[in-house]
Amino acid sequence: MPPAISAFQAAYIGIEVLIALVSVPGNVLVIWAVKVNQALRDATFCFIVSLAVADVAVGALVIPLAILINIGPRTYFHTCLMVACPVLILTQSSILALLAIAVDRYLRVKIPLRYKTVVTPRRAAVAIAGCWILSFVVGLTPLFGWNRLGEAQRAWAANGSGGEPVIKCEFEKVISMEYMVYFNFFVWVLPPLLLMVLIYLEVFYLIRRQLGKKVSASSGDPQKYYGKELKIAKSLALILFLFALSWLPLHILNCITLFCPSCRKPSILMYIAIFLTHGNSAMNPIVYAFRIQKFRVTFLKIWNDHFRCQPTPPVDEDPPEEAPHD
């Protein structure tokens with residue numbers, strides 16, 4: 001018999017389904033926009049596609065698995081562990097994609113004349129592949145042994161049972177808090193976030209310094225170039241801010257769990273933290289639509305062409321912005 005679902009669980013499931021219904025179509029639209037608009041094909045937008053793929057997977061895979069875990073089925077330990085690992089992989093992929101985006105924007109303003117020779121499509125593809133490979137290594141580490149199998153086996157043996165332990169599948173019953181705090185948070189989440197903050201501060205400093213310079217007749221219109229860079233940098237920094245705002249509460253709660261085992265964590269706080277992490281996947285397409293004109297125009301074209309059956313003229317694909325001369 002499947003476990004009965006309480007009214008609270010039903011509300012939780014309803015909110016999760018709503019988040020998924022916003023996240024999946026929104027991020028598919030982001031990927032679609034990059035596919036149809038040549039002006040969205042530079043390295044930054046390739047990294048944005050990688051981020052969108054992770055967000056689609058959150059809505060299509062992680063949220064259904066989170067609902068399953070919330071219902072609390074009894075499973076073999078390693079089955080539950082495999083259910084818990086995808087969220088770790090996708091979170092790490094998002095962080096590394098955001099870091100790649102930050103580095104890309106830094107290079108655009110630091111070496112505008114050499115940017116296209118340094119950041120080639122091939123190198124961008126290699127960076128994206130590297131981010132995903134590293135994400136799988138970090139996210140699957142619990143499967144390689146850093147988990148709570150020993151505790152589960154002792155409890156299982158104490159009941160006089162043999163074989164692989166069967167447990168009520170919950171995240172904290174299979175994932176070690178030492179892994180979540182010392183390895184995941186202190187190594188793979190917090191340092192990249194702090195590094196990205198420093199990178200964006202440097203990006204804004206470089207752009208402001210360039211915009212403050214006097215324009216000469218042969219400068220290649222740096223005001224226009226750096227003005228566009230400033231707008232895009234602000235939008236991408238907002239994406240980073242929302243990511244940090246969404247994920248830090250859950251990691252802080254994990255720290256409390258590890259360092260203060262006797263401290264009570266109200267269930268409502270855990271649910272809010274989980275909603276924030278999943279909801280972050282639905283936020284990015286909204287930011288793109290309101291903050292980045294190329295995305296907004298392409299979204300409207302896709303809507304008119306494929307959903308309203310009112311074909312519109314081709315998207316005005318701006319030529320690549322000419323880098324200013326030194």
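Using the three backbone atoms N, Cα and C, a Cβ is placed for every residue, glycine included.
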Same membrane side for Ala43 and Gln310 per Swiss-Prot: yes
Cys46, Cys131, Cys169, Cys255 - which one Swiss-Prot pairs with Cys80 by disulfide: Cys169
The transmembrane segment (47-69) touching the transmembrane segment (268-292) per 3+ Cβ pairs under 8 Å rule: yes
Tertiary contacts of the topological domain 'Extracellular' (70-80), as residues 6+ beyond its ends and Cβ separation under 8 Å: 2-3, 5, 9, 12-13, 143, 149, 152, 164-170, 173-174
Contacting positions for the transmembrane segment (47-69) when only residues 6+ beyond its ends and CB under 8 Å are counted: 12-13, 16-17, 19-24, 26-28, 30-31, 34, 80, 83-84, 86-87, 90, 93-94, 97-98, 100-101, 104, 124, 127-128, 131-132, 169-171, 274, 278, 280-282, 284-285, 288
Recorded positions (Cys80, Cys169, Cys309), the one with most neighbouring Cβ atoms at 10 Å: Cys80
